[in-house]
Amino acid sequence: MILSTSCLFIHWFFLFFSFFTSKGDDNRRESSAFINPDMDTETYYEGKNMALFEEEMDSTPMVSSFLNKLANYTNLTQGVREHEEAEDGVRRVPHMGTFIGVYLPCMQNILGVILFLRLTWIVGTAGILGSFAIVSMCCICTLLTAISMSAIATNGVVPAGGSYYMISRSLGPEFGGAVGLCLYLGTTFAGSLYILGTIEILLVLVKETTANDMRIYGTCCLLLMALVVFVGVKYVNKLALVFLSCVVLSIMATYAGAIKTAIKPSNFSVCLLGNRTLKNEMFEKCAKTDVELWNLFCDSPYLNATCDEYFALNNLTEIQATPGVLGEVINGASPSSKNPLRVPPANNDKLKNYVFNDWATYFTLLVGIYFPSVTGIMAGSNRSGDLRDAQRSIPIGTILAILTTSFIYISFVVLFGACIEGVVLRDKFGFSVKTKPVISILAWPSPWVIVIGSFFSCCGAGLQSLTGAHHRVIEGLQEWVNDGIIRSNVFGHGKANGEPTWALLLTVGICEIGILIASLDHVAPILSMFFLMCYLFVNLACAVQTLLCTPNWRPRFKFYHWTLSFLGMSLCLSLMFISSWIYALVVIVIAGCIYKYIEYKGAVKEWGDGIRGLSLNAARYALIRLEEAPLHTKNWRPQLLVLCKLNSDLEVTHPRLLSFATQLKAGKGLTIVCSVLEGTYMTRGDEAKKGEQNLKAAMAAEKTKGFSHVVVSSSLRDGFSILIQSAGLGGMKHNAVLMAWPTGWKQDRDSSVRRNFIETVRETTSAHQALLVAKNIDHFPANQERLKEGTVDVWWIVHDGGLLMLLPFLLSQHKVWRKCKMRIFTVAQMDDNSIQMKKDLQMFLYQLRLNAVVEVVEMHDSDISAFTYEKTLVMEQRSQMLKQMQLSRTEREREAQLIHDRNTASHSAANDKAAGATSDRVHMTWTKDKLQNERNKHKENMAVKDINHSNVRRMHTAVKLNEVVVKKSCNSELVLLNMPGPPKNKKGDDNYMEFLEVLMEGLDRVLLVRGGGREVITIYS
């Protein structure tokens, strides 16, 4: 129910028609999510130390070779590579830190035009408490979004690509495209907002502006800025620090002025006629004796002139505009009727001398106007490709920038309410203070610091919005090309230096729409809608990924929770409809159209998004969807087929195998518990049903969530083969097999146990399924136990998909293994640089977001010891002895046949042909002397036969690895080892089990792991 209330609410809004109109794309393919698929297949390791793994080196390279390739990994998508590399093809090295790369860009984008032109008016209109509520809501919304964005951005390597990359890889390209469009339109309308702010600052100082003035001058300013961007974007980027300096200086001047008012109030005064504020740009002295003021309300300069009735009946009052924090003006900084004039009548020229309040101002409108002042939190994540350590810089820089700007906004609300008179705060355009921005009268040493600073700040922000918007549309469309949504990026073409002219023209055209609106107060809510929609999807992505608990969801940023994301998502949606329900519906429709378009076109690539993970729980529709495309690496988790053995009473022989499956799965994914009975279903059908009931009972006792099944087959080997091939349904099929190590295979004279095990290994490999073999499974901890300390040791010998890395992480999620620490050991050969291997492995684990202690063990070539020869000799003698025992059984059968044939011959003397056949059989029968000679011959051969050199090398590898593993991990709670594959030549099957036994000798809990031939863990988000 939690999942349906938090995630499906918005998801099914866009997917309502998906069941009827979704268009599958069978051409979807999975990109290489981990390593370069075109890896060099040359075999580097021919030494005897790794002979046990040498037959699989082509498909499972040594760890040192894998880390060497990983250190030089450059398999980025085309759009990311274009963003990362300069035009001359030289690869750009990320060099920015947290302060320069994230903190300052976020500060520059957050602080802007609303702070200088509208915050004072918002405080005067809503009061201190109302303004505090508005600022708090908006800042909390962006803070929650930043927490969700930090979790997504630190969940793997995030190359350049911005919000589209993060959302599309978390919720799919459909949502990513909708969010990318919202962010582009929001950034474009932000350019309109800043240009209108620039014109407002410029024209209000000159004359009272009209809507047409804003349109004309705004269009001219837009064309001028577009020309600057077209000529050279690099100049805009170089001036970014200058523009930020203007903002910082203006803020410092405001704080300094507020402090000064506590010592000495400023000289600014406001002239009131009765309770009406007068525009003071036309007179200098607030007195009826002032000629200029008299002429504004009277028809002649003489005392007997006819004057305005209100002017004649009311007195003039001059009050200080900024009484300061000691002036007790804070009591009046609330909505009041101190300046009651609203909309002036059109036919009364005398009323033009008064300052009027907006007639349609209300709380929800103020929210929409203010929200653009807290946008810009994605400025750091959009530069992720330029950061040295994006996973560290993005959370720290973004959250610090939000906290800093929130403090500035809240403190300014208090300072404005405490230092500036209420009637001045409600003067939106500063007509009562010589047509200057109201905030400027608080500045020290001069109001012109604010005027000039805000002007250049708005100009710089407008230039950067145009620059960022038209480059963002190029990056977004290029990602659509890469994902197969569109064929070509028509807006990517431009002039010779690579500047996308068509994209710039598109951005200018959309920006002109905002300028034609000609009102900063009307453009701001539109801008708010697009950013709120973008932030809503960021929170949704984090909530979905957290609730799904996919193995790949391992953000390095730990201070997040799905409830925070859900709260941020709800707050974004609420603010959208609070600001303007009409605009909110329009933006949702636009995002929905983009979603349906991308779904209709179909993205070629599947990015392992959270919605696909959610589909795993959705019955028939999900099963059909799962068969449309292969599962992505990020959604891979072990879907277990547990092969259990039943005793004569049809009870589970190793119940701890089910406990281990529970600890490994934690109730997530698919678990199928199976067993095989020998015989026919006609005779053992009832026993199969009873065995299945016993399996269910054992699963309930061990808290294993999944399915159980018992099959009847002519042989155990055939039964296990059928299960490996056919268990599961549709997309819900197992990808890993869990079984117990056949402990008594040495004591069992029958070789079927050994053959069944080896054939199971071969069949799982052929089926591309992972194999987990647990030794001493009865010694594994039960679900009720709690390991208070200890380590889980991973011996990473060859890389076969990363399953060895993933399993300890999955175990650590269960309360049994939660306090165990993870250690990773890898083996270095003589030619390997062990120090560099350790550094590469530590960096690899950092990118995987796994916490583990790394140790590189050096195994140099050494002479084969006498102990190894002895072990090999004993192994081969035992193998020959087993063959001899099989031969003896065959011999006894032949002797019985001989006696039968002789008796038949004595009773059937007439049948000479039969006697002839018996004579032939006698010729083939082994006599006692012949048997003794053959035994002596075998003993002699066993004594003088040369030992197979290949077996010696393999035994040497097993002995040496076992020595190192026992030395380092004898006290570990669990040891995970790469499981060597069986020999390609089946003649070596007799010795394969012996090699594995030597490899695990002296260890208590061991898990042999064999990958399924695909990558199961990735460094990417």
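Keep in mind that glycine also has a Cβ here, set from the backbone N, Cα and C atoms.
Taken straight from TrEMBL:
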- 1-24: signal peptide (SIGNAL)
- 96-117: transmembrane segment (TRANSMEM)
- 102-260: domain 'Amino acid permease/ SLC12A' (DOMAIN)
- 129-158: transmembrane segment (TRANSMEM)
- 178-204: transmembrane segment (TRANSMEM)
- 216-233: transmembrane segment (TRANSMEM)
- 239-259: transmembrane segment (TRANSMEM)
- 351-641: domain 'Amino acid permease/ SLC12A' (DOMAIN)
- 359-379: transmembrane segment (TRANSMEM)
- 399-420: transmembrane segment (TRANSMEM)
- 441-463: transmembrane segment (TRANSMEM)
- 501-520: transmembrane segment (TRANSMEM)
- 527-548: transmembrane segment (TRANSMEM)
- 568-595: transmembrane segment (TRANSMEM)
- 900-920: region 'Disordered' (REGION)
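Counted as Cβ pairs under 8 Å, contacts with the transmembrane segment (359-379) are highest for 178-204 among 178-204, 216-233, 441-463. Two recorded stretches are said to be in contact when at least 3 C-beta pairs lie under 8 angstroms, sequence spacing 6 or more; the transmembrane segment (501-520) and the transmembrane segment (129-158) fall short of this definition. If you look at the transmembrane segment (96-117), the same-chain residues 6 or more away from its ends with a CB under 8 A from one of its CBs are 193-194, 197, 200-201, 240-241, 243-244, 247, 250-251, 369-370, 372-377, 379-380, 383, 386-388, 392-394, 396-398, 400-402, 404-405, 408-409, 412, 437, 439, 450, 453-454, 457-458, 460-461, 464, 520, 524.
When Cβ-Cβ distances under 8 Å to the transmembrane segment (239-259) are tallied for each of 178-204, 399-420, 441-463, 568-595, the top count falls to 441-463.
Between the transmembrane segment (129-158) and the listed ranges 216-233, 399-420, 441-463, 568-595, the one holding the most Cβ pairs under 8 Å is 399-420. Listed by sequence, the residues of this chain that lie at least six past the ends of the transmembrane segment (441-463) yet keep a Cβ under 8 A from its Cβ atoms are 108-109, 111-113, 116-117, 190-191, 194-195, 197-198, 201-202, 205, 221, 225, 228-229, 236, 239-240, 242-244, 246-247, 249-250, 253-254, 256-261, 266, 268, 321-322, 415-416, 419-420, 424, 433. Mean model confidence for the domain 'Amino acid permease/ SLC12A' (102-260) is a pLDDT of 84. Cβ atoms under 8 Å from those of the transmembrane segment (216-233) belong to residues 191-192, 195-196, 198-199, 202-203, 459, 462-463, 466-467, 470-471, 495, 499, 501, 504, 508, 511-512, 515, 518 of the same chain, restricted to positions at least 6 beyond its ends.
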